[in-house]
Amino acid sequence: MSVALTSSTATKAVAAVNGYHTNGNATSNDPSIERVQIIDDEKRFTSDLTPQIERWGLQNAGFDYDIVAVFGSQSTGKSTLLNRLCGTNFDVMDETRRQQTTKDGRERGEDQDFERKSALFSLASSEVLIVNLWEHQVGLYQGANMGLLKTVFEVNLGLFGKKSADGRSQRTLLLFVIRDHIGTTPLANLQATLTADMNKIWGSLSKPPELNDRQLSDYFDLSFAALPHKILVPDKFEAGVQDLRKRFTDKSREDYVFKPMYHKRIPADGVAFYMENIWEQVQSNKDLDLPTQQELLAQFRCDEIATVALSEFNEQAKPQRKPIESGKVVEGLGNMMRSWKAGALARYDRDASRYHQGVYKRKRADLISVIDSTISPLFLGQLKNLHKACLVSFKKEMVDGMRGDSYDFAEIVKTARTRCEKRFLEGAKEASLEDTDWSYEEEFTLLSEEVKNVADQCRKDETKKMVNVIERNFKRNISEPVDLYLNKATPDMWDKVLKAFRETLEKAESSYLTKAKSFSCTDEENATALSTLRKRAWLALRSKIDEQTSDAAFLAKLRTHFEELFRYDEHGVPRVWKPEDDIDGAFKKAKDRTLELIPLYSKISPIEPSLAYTLPSETSDSLSAEADDFDFPSTLLIFSETKAVDLTNRFRKDADAYYVEAKRSTVATMAQIPYWMYGVLVVLGWNEAMVVLFNPLYFAMLLVLLASSWFIVQMGLVGPVFQVLRTVGNEIQRQVSNRLREHFSEAALAQPVRTQPIEDQLENDEIKQEVRVKRERF
Ligand SMILES: Nc1nc2c(ncn2[C@@H]2O[C@H](COP(=O)(O)OP(=O)(O)OP(=O)(O)O)[C@@H](O)[C@H]2O)c(=O)[nH]1
């Protein structure tokens, strides 16, 4: 596809730029053939070029476009030629009216400067500059407008004299189209004349000193074409134009005009900006340095392209920001980021790689760094979320693993840690992009530390649990021996208790050590746990002892002991006190021996010194959060002195009560019926017994009575029958008493037997008083 650009004669060169589009009303609605006036009458560059390039469908054409400019005197058929060569629709002057379509210099006044600038602009922009002239103008310096050409060459040297950044000189094709060629003078001759003229002009140029030795051929290729007379031989003219057109369209031809070396290498999407820049430079009369222009253009365009690529990239990245910020691990984030980045770079490369390579590469590096810095928060967020998720699943795995009764703690930690770290590393690697300085090492170290802390905490909890279980078992195991030994007060009682304590503790310790192996506890931890265990065991023992030596329990023990001594004889037979028995002596002995137990129980002190157990006082319970002030020696003491005195007193009261009871029982024995009374009864009751035996009725009743008694005894109903009888008797007695009370006065009934009061025989005044009160109340 070609874009045509026209220029004009020396006087019309200014108009030429405008003239390209002067009558630029579209003759068709087809946007692909719409025209645009690039520079208006006010020398302003149009803002409509970029949209027009899009409408032409050239936006993404890259280098696949060409620019041709035409240069020539007024009304030399420039529009006619371009319309035929390039399919444009420039207005052609009406042949009958001879009014030019390109605005004349006369209309805008003689503006040599604008003329020069427009020529300059045309040359800088196009690959092929058509120099359009009548045959008869050949060899005529003024007529062929060679003055302007000279200027163009001079400026051109300023423009293209220097080599571009990539080392090549910008070349332009000058295509001389000789119009109304009659044929008298062969084209070769005309060509030679024009070439000679060109070289002459070149020679007369005032060149910059450093370019003094440069030839015309260093910058320009000359090419020639002749067209027959359009009016006289229209058919031949049209055929000639069609033939010339092939040089514009057929790439395979050797004389194809748009050779790549003439191309300005400006991508189509940057042409507008490039042209505008050139025009601005031309306008401000600055020295035109095309390589710099190309660089400037590249910077501008690369920025634009990068911005587009970046906005597309941001659109893609945006939806992932929320889930990551909300703490979610986005699966396949790395792949997504990779594909966004690759997409953005591909987009950039496609459009920007055609521009100045240095700029393109520099901007590409900038783009990469912007992309990386945009997605690096996603990467960091993903790492953080991964860290959290891995830690949570590690904890869960630990908890699940420790749910059963039998498990290998070390194995559970190992498996869970390996899985957690593997998951993190896989996720982190997936999210890391190549060619970045992103690192997940720090996060990984943090995770490893936290995993270790969690594992340590679990181990501590487990150790605590284990110590608690062992402690419970210990308590269970120590309970029975302590009960047994403390209930039987013997001098070596504490030896037995401590021996049982040591044995049970040894078992508990070895059970701890066996289990602790799978926990991979350190020696230090083991030492702490064992010392805690010992302390707790000791306290458990002590609490068991406390249970056995509580006031009530201990007094009961003393009473039992005393009873055994006082109420039972040495064979364990209960004593029945007789008046002649030495109750006082037995009482004193039993009491003294019982009181001996108080010092025995008051302190944990074995007879065998090796059995004595000690714990360092600073032993702390590292597995319990409670602060404690443990003082081992004080735990050996069961009763204080005061407490011992108190217990002694309380026991004495109990013992005295026993003594009173014993004394009473002798009084009760004394109150029994004397044996001789039974003899008197037999003698006096003999007659009555005989009557019963010899009276058939009484005898039968006696038999019935005896049979009933035998039956009751056989059925084991003696107890219930006595109970019934007792109840009935009591009731009768109560009834009789009531009746009697009604008939007799209290004075007649109250005739107490005067005996010496029992309390007078007691030693203790307090007990005396108590017995007295009780008796009076009774
Ligand atoms: N004799 C002759 N006349 C031509 C030729 N080509 C075009 N014309 C006629 O010349 C007149 C001017 O043609 P244009 O194509 O408008 O010329 P132009 O150079 O574009 O004119 P301006 O833009 O006004 O400078 C028209 O009437 C054409 O028909 C040619 O090769 N020979």
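Cβ atoms are placed via backbone N, Cα and C, with glycine included.
Taken straight from TrEMBL:
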BINDING   Gly72, Ser73, Gln74, Ser75, Thr76, Gly77, Lys78, Ser79  GTP binding site
DOMAIN    62-103  domain 'GB1/RHD3-type G'
DOMAIN    104-262  domain 'GB1/RHD3-type G'
TOPO_DOM  1-672  topological domain 'Cytoplasmic'
TOPO_DOM  718-778  topological domain 'Cytoplasmic'
TRANSMEM  675-694  transmembrane segment
TRANSMEM  701-725  transmembrane segment
Near the transmembrane segment (675-694), which residues from the same chain, at least 6 beyond its ends, have a CB less than 8 A from one of its CBs?
702
Counting other CB atoms within 10 A of each CB, which of the binding-site residues Gly72, Gln74 comes out lowest?
Gln74
Across the whole of the topological domain 'Cytoplasmic' (718-778), what does the mean pLDDT come to? Round it, please.
71
On the three-state reduction of DSSP, what should I expect for Lys78 (GTP binding site)?
helix
How many other Cβ atoms are found within 10 Å of the Cβ atom of Lys78 (GTP binding site), counting all protein chains shown?
31
Hey, what's the Cβ neighbour count for Ser73 (GTP binding site) at 10 Å?
19
The correct three-state DSSP answer for Ser73 (GTP binding site) is coil
Most isolated by CB count within 10 A, of the binding-site residues Ser75, Ser79, is Ser75
Enumerate in sequence order the binding-site residues Ser73, Ser75, Thr76, Gly77, Lys78 whose Cβ-atom distance to ligand 1 is under 6 angstroms.
Ser75, Thr76, Gly77, Lys78
